[in-house]
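Down below is the structure, laid out as structure tokens.
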């Protein structure tokens, strides 16, 4: 089966299934499960590195993990997050950093922010780099927005989210992530733009959904309220390692079939 490209993500062809992955084995597993898109998210800072937010994630982190995901040769589209301060300093810095992620194996990049970064999106798209937008709750702005809170409760916020979506569309983004906005606002945005919207914590009215893998499989310590756990991998790990430890301490492992004289 051929690999997906951004041209496969068109309005009306969904719902599209997206999930995060950060390394070779998880990328291989989620791709075999049949997802449409894989996001190498800067959320790796929180779910892999134990950071309190995504601000400490570097370009080096993103390049390394994008390379690992790309080695799985997924059929799904691979999008890599542009981390904090990798594009805010201007179009040329953004272009250089986005190019690093494309060379690492990403098919596109994602950046947070709306109309204020439309010129960045336009510069990347003109250079041949597909861009996914990200509006609503933008975790890289956590220090200025007062935490991980729903966006779009006031009329001013709703108007801003809608304007941001249209600005990103006009700048050439191929898709937009809507994070933690009211479902009614997500529906309004989805109806207002002719590119796919991908919801996370924003209800059922988008063109697709995305979740963090570790929330889905039960490896997150504090998953958000909008996530659903489909497995308890943490419990499976504890059980397996406990059995291993018990067998080592009882002299049952390694057994004869596990070594050579």
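From the backbone N, Cα and C atoms, a Cβ is placed for every residue, glycine too.
Matching 8, 23, 81, 164 to the 3-methyl-2-oxobutanoate binding residues that Swiss-Prot gives (42, 43, 110) identifies 81. Taking CA atoms as the reference points, residue 110 (3-methyl-2-oxobutanoate binding site) and residue 179 (active site, proton acceptor) are 13 Å apart.
Ranked by Cβ neighbours within 10 A across all protein chains shown, the recorded positions 81, 179 are led by 81. The Cβ centroid of 42, 43, 81, 110 marks the 3-methyl-2-oxobutanoate site; residues of that chain outside this set whose Cβ lies within 8 Å of it are 20, 39, 40, 41, 44, 54, 57, 62, 80, 82, 83, 134, given in sequence order.
By neighbour count, meaning other C-beta atoms within 10 Å, the densest spot among the binding-site residues 42, 112 is 42. Non-local contacts of residue 43 (3-methyl-2-oxobutanoate binding site) by the CB criterion (under 8 A, 6+ apart in sequence, same chain) comprise 20, 54, 81, 139, 212.
The secondary structure of residue 110 (3-methyl-2-oxobutanoate binding site), as reduced to three states from DSSP, is extended strand.
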